[in-house]
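Engineer: The structure is given below, and queries will be raised subsequently.
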């Protein structure tokens, strides 16, 4: 029965995947020369809408990737226990409680999104490399993680331009680090690698949801500041 469920989910994913790609609005802010010059020509309101749409799609695909990974590699008894691995963004100064989120400024909402986005760029590259070593990783999972990784860079570019438009500020940079993912270049054992990759997928899904929620709150504040929750 479990195998049938996995196959059915895979069939639906194959059928819906092209539609998901076709429905996304491009958020490519970068010209060939590496200069952010496309998004600045978009109005602030439209740019925020596109950034939100990107965040929504990234969260949706991260959810699908995590579920697919669970079905393929993680026994039920381990799905709520990630073997003590902490999320890599745990130490970031990002609001977590509802009260904190409601009290922070628009500026800090945007910078929180950017910190989360930038903190995940390199770990997702690592995740792709790790999944490539699996003998049984389905192509759909590999394609989804690659798509999310690419869209995350587009989201970063959009948020950077949004910060400049809304706050008249330059880019906030985060020092990307893979420390704790591959320490001293030593490859983890397969079981450890599977659980570590599962933690990465689960943590990214949570952070992708935060990015989406922060951006939607920001959008709400632009129209009805006193009735946003």
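Cβ atoms are placed via backbone N, Cα and C, with glycine included.
Under the heading signal peptide, Swiss-Prot lists 1-24, citing sequence analysis as support. Swiss-Prot lists 29-39, 87-203, 220-228 with the feature disulfide bond, giving similarity to another entry as the kind of evidence. Taken from Swiss-Prot, the feature N-linked glycosylation site covers 143, 175.
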Engineer: If I take the Cα of residue 203 (disulfide bond) as reference, which of the recorded positions 143, 220, 228 has the closest Cα?
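Structural biologist: That would be 143, the closest of 143, 220, 228 to residue 203 (disulfide bond).
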Engineer: Who sits close to residue 87 (disulfide bond): which same-chain residues at least 6 apart have their Cβ under 8 Å from its Cβ?
Structural biologist: 199, 203, 206, 207
Engineer: I'm trying to understand the geometry here, so how far is the Cα atom of residue 228 (disulfide bond) from the Cα atom of residue 143 (N-linked glycosylation site), in Å to the nearest whole number?
Structural biologist: 36
Engineer: What's the CA-CA gap between residue 220 (disulfide bond) and residue 143 (N-linked glycosylation site) in angstrom, rounded?
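Structural biologist: The separation of the Cα atoms works out to 33 Å.
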Engineer: So how many other Cβ atoms are close to residue 228 (disulfide bond), meaning within 10 Å of its Cβ?
Structural biologist: 15
Engineer: Using DSSP reduced to three states, classify residue 203 (disulfide bond) as helix, strand or coil.
Structural biologist: helix
Engineer: Whose Cβ, among the recorded positions 143, 203, has more other Cβ atoms within 10 Å than any of the rest?
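Structural biologist: For the recorded positions 143, 203, the Cβ with the most other Cβ atoms within 10 Å is 203.
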Engineer: Within 10 angstroms of the C-beta of residue 220 (disulfide bond), what count of other C-beta atoms is obtained when all protein chains are considered?
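Structural biologist: Excluding its own Cβ, residue 220 (disulfide bond) sees 13 Cβ atoms within 10 Å.
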